[in-house]
Amino acid sequence: GCCSPWNCIQLRACGCC
């Protein structure tokens, strides 16, 4: 999902990092 901890770049795009 969007907030998976192994993908900080995507987390930032989703506002989760």
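Cβ atoms here come from the backbone N, Cα and C positions, even for glycine.
The model shown is predicted, which means the values in this text are computed figures rather than measured ones.
Annotation comment: Swiss-Prot describes CYS2-CYS16, CYS3-CYS14, CYS8-CYS17 as disulfide bond. The feature 4-hydroxyproline is assigned by Swiss-Prot to PRO5.
Here the CA atom of CYS14 (disulfide bond) lies 10 Å from the CA atom of CYS8 (disulfide bond).
The two recorded residues PRO5 (4-hydroxyproline) and CYS14 (disulfide bond) have their Cα atoms spaced 12 Å from each other. The CA atom of CYS16 (disulfide bond) is located 6 Å away from the CA atom of CYS3 (disulfide bond).
The Cβ of CYS2 (disulfide bond) has 10 neighbouring Cβ atoms from other residues within 10 Å, across all protein chains displayed. Across the fold, the C-alpha of CYS2 (disulfide bond) and the C-alpha of CYS14 (disulfide bond) stand 6 Å from each other.
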